[in-house]
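Data block below; observations after.
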Amino acid sequence: MEESDLRFLQVQRAAVADPARASEWAGKKLCWVPHEKDGFVAGSIKQETNDEVIVEICDTGKTVTISKDDVQKANPPKFDKVEDMSELTYLNEASVLHNLKERYFSSLIYTYSGLFCVVINPYKRLPIYSENLIEEFKGKKRHEMPPHIFAIADSAYRSMLQDREDQSILCTGESGAGKTENTKKVIQYLAHVAGATRSKGGPQQFVTSPAKGELEHQLLQANPILEAFGNSKTVKNDNSSRFGKFIRINFDMSGYISGANIEFYLLEKSRTLRQAPDERSFHVFYQFLRGTSAAEKGKYCFATSLRLYYKFRWYIEL
């Protein structure tokens, strides 16, 4: 694995486990205090009464008196940027949000929370999806590698082979969270690991540039077509899926991909004619206008201008 890959996946634990920081934490009785703007801010408990505590806010030095029920305990520094939040000594809302924020600011977008993998959209490309990285995750136990969608895909794949039972991976979240992209990464991983060619009497050979017609290649190349007809620009996401998608991948007894099918549901058909301000209809309309000649636009009754007003409610500049 290249160093550039590791930089976006692992934390230098030696820097986190600093004895001086641990001593400072123990002496200050650090905690988390609710804050109207920032959600929670770090504080140091100065005095406790029956129902209230006096807390000094670390950043400002301001002293506040709040209810004990509103104070959440802070974890020791050794748990900063921890990979699995189930390991936290104090598993509360403030500590979870703090850990996710610290990891995100270090470009560590994947974090485990027990059986789940929490992903935060980085809104930029990270070098953590290469084929070399796939090989690193292949067959490894979860604790042997940093959090990653490849680890989730590999765990499901290995469980299927060992237990001979169907496995499911659910990608859920709000618009723009990264559901579509992580689904594609699962397919990328399975296509690489389970799409190996078999030669008589020879070892497995992994296909990096599959020939046209192979199942795993068709599965990967279906995404751009599906997104053209089912995705559109919204105020939150430039490539928002406007439909639900259930992908079923079939494997033979040896663990190779033998077939696949994709089911669609809840397509937002109304978006074809009507969109909210600053949003668009489905990508395919704009792709058609950009890629066709004037003759083809006339043939299919599209305006030749790059301004689209095809019975749309909002006038959209291309």
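Along the chain as shown, the residues are counted starting at 1.
Every residue, even glycine, has its Cβ placed from backbone N, Cα and C.
These features come from TrEMBL:
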type    : residues                                                       : note
DOMAIN  : 26-76                                                          : domain 'Myosin N-terminal SH3-like'
DOMAIN  : 80-318                                                         : domain 'Myosin motor'
BINDING : Gly173, Glu174, Ser175, Gly176, Ala177, Gly178, Lys179, Thr180 : ATP binding site
Mapped DSSP class for Ala177 (ATP binding site), helix or strand or coil: coil
Around the Cβ of Ser175 (ATP binding site), the count of other Cβ atoms that are within 10 Å: 12
Number of helical, extended and coil residues in the domain 'Myosin N-terminal SH3-like' (26-76), per DSSP: 6 helix, 29 strand, 16 coil
Extra residues within 8 Å (Cβ to Cβ centroid of Gly173, Glu174, Ser175, Gly176, Ala177, Gly178, Lys179, Thr180), ATP: Asn121, Asn237
Of Gly173, Glu174, Gly176, Gly178, Thr180 (the binding-site residues), the residue whose Cβ has the fewest other Cβ atoms within 10 Å: Glu174
Proximal but sequence-remote residues of the same chain as Ala177 (ATP binding site) (Cβ under 8 Å, at least 6 apart): Val119, Asn121
Spatial neighbours of Lys179 (ATP binding site) that are distant in sequence (at least 6 apart) but have CB under 8 A: Cys171, Thr172, Gly173, Ser241
The domain 'Myosin N-terminal SH3-like' (26-76) [mean pLDDT, rounded to integer]: 90
